[in-house]
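One structure is given here, and the rest of the page talks about it.
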Amino acid sequence: MITQKEKEHLAKDKQNIYLRIISGIALVSLFVIAILCLKTLFYILMILVGLGMLSEWYNMTYPSINYLLIGLIIIPIPISLLIFLSMEESNRLVIMLYFCILWSVDTFAMIGGKTFKGIKLAPKISPKKTWTGLITGTVSAGLVSVLVSLIPNYHIEHYYFSNKIYLFIISCILALIAQSSDLFISYFKRKFNIKDSGHIIPGHGGVLDRFDSIILTAPVFFCINIYL
């Protein structure tokens, strides 16, 4: 027999999922338009994301100067690298692919974790994450990136992103790094006894909650584009 409290909890979870889906679709649509059509809008969005992440980091770590300084290093760098890459018109599609990888790993890791349950990945840092979620998210990100690359006229000049085998491998690596980045930020949130960094994005929490994966993935993505 389900208690009234459990019913309320289930109803709240259901409402949260709907909010997450609606706000997620809106956010993804905005970024797709910005990346593919309006370069200036992408710059503005990334700057706003960076400022939002810095603001939430400040609220989370204040008054610790050492941790504040960490935020001033780990947040502006990936934001700047993505903006720098987007300045080159030929990088437009590969940046779109990068965000598709991040969105798919986040989505399918959550679906895989909720569906298959299994052993906890890092129970002390992020209790809801599981190894099955990690594997599901990683493989799905690789498959999604390959499917996106099959879209007619979706031609990427970079060899390692245009080759389907290399693309799958790179996507899986970026997916693993994305989840490591998520755990990295979760460590700081647990340290300061914070569940969500904010509430500005309905169903997702704060800007830092939504975009934490770029912190470690953007530098790797940048190096792949520039040096390989």
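Any Cβ shown, glycine's included, is placed from N, Cα and C.
Per Swiss-Prot, the features are as follows:
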- 31-51: transmembrane segment (TRANSMEM)
- 65-85: transmembrane segment (TRANSMEM)
- 93-113: transmembrane segment (TRANSMEM)
- 131-151: transmembrane segment (TRANSMEM)
- 165-185: transmembrane segment (TRANSMEM)
- 206-226: transmembrane segment (TRANSMEM)
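Contact count against the transmembrane segment (31-51) (Cβ pairs under 8 Å) is highest for 65-85, out of 65-85, 93-113, 165-185, 206-226. For the transmembrane segment (206-226), the neighbouring stretch richest in Cβ pairs under 8 Å, chosen from 65-85, 93-113, 165-185, is 165-185. Distant neighbours of the transmembrane segment (93-113): 24, 28, 31-32, 35-36, 82, 85-86, 128-130, 132-138, 140-141, 144-145, 148-149, 154-156, 158, 161, 171, 174-175, 178-179, 182, 213-214, 217, 221, 225; these residues of the same chain sit at least 6 beyond its ends, with a Cβ under 8 Å from one of its Cβ atoms.
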